[in-house]
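As structure tokens, the structure follows; a few thoughts come after it.
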């Protein structure tokens, strides 16, 4: 849902300015909290995701187009870390107090609204309308593809392909398309965004697989997995994100991309061959995987922004945010589907391990191969984009 809210915020800001949208978002979140109904969690989850999306739009409005690529890493890395740490916090609030108070926490960001309104410049409104047909078509394509990844019924895949085909035809004729079709002509941007999203989806799928893996292989409790395996990795994102930003300035994007890909792929390979070793080894692996993810996120934003023209920066970076959120959710859905069908539940590696580890070790090998392929493609695309500049 966050992926749609990111693009929705960018489109809606052409009709209203970002300051008004921020006030409306917080007012609706307060209304959902006070309404206290059974449907409140559903609506609040969908609408509260507009707040970070509106903030993404504010960042694009505050920074010049040349600075937007550089402004992403100090914003995205702490934000990514916060979302992952929040998974540990909300359980305590829901258990010891009540789940309805979770709706109150995001409204604390209302403190920042007056300051953002002062910083934002008054912009001329562009007359237009929201492309509801494009939104519905893309939503249908993604929803049916998600259903295919969980049930593996080819009828869902056919419907998804048809929906995307009609969507592409539609945005070429629409006056205010949901996705700018001109971006599709930028080969470097498309490849960088797609393969970057593939890296994000692979990493997100790994994180979602870790609790199941640790429970099946090491029989750890939920508390032990959350606090001892995943939480140290989420905290390391802050350090790795800062280091990644410094390395990009000093060594260049390709250097950081190589390090990030090496951390991800080597972490997956080590986990595959030592999957039944002590649990603390997985803690170290998760730390390095999160570190590699923060490195690659920093570089992908730089690579994509460098392939865009001045007039394409706003729409291009919004589409990158859209793809990043969407790829993480898609990656989790695909990994969940592969774990449920047991297609890879066979011994492929020449190691003497328990049968319960076969599926996870094969999945980790698949993750490592995906990262290496994405690294090679993005490396080639970035070098070519620099030649054409």
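Each position is counted from 1, following the chain as shown.
From the backbone N, Cα and C atoms, a Cβ is placed for every residue, glycine too.
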Give the range, chosen from 122-143, 254-275, that TrEMBL lists as transmembrane segment. 254-275
Which range wins on Cβ pairs under 8 Å with the transmembrane segment (183-207): 219-242, 254-275, 364-382? 364-382
Sequence-distant contacts of the transmembrane segment (364-382), meaning Cβ under 8 Å and at least 6 residues beyond its ends, amount to 188, 191-192, 195-196, 198-199, 202, 205-206, 253-254, 257-258, 261, 264-266, 268-269, 271-272, 275, 300, 303, 306-307, 344, 348-349
Taking 154-171, 254-275, 281-304 as candidates, which has the most Cβ pairs under 8 Å with the transmembrane segment (219-242)? 281-304
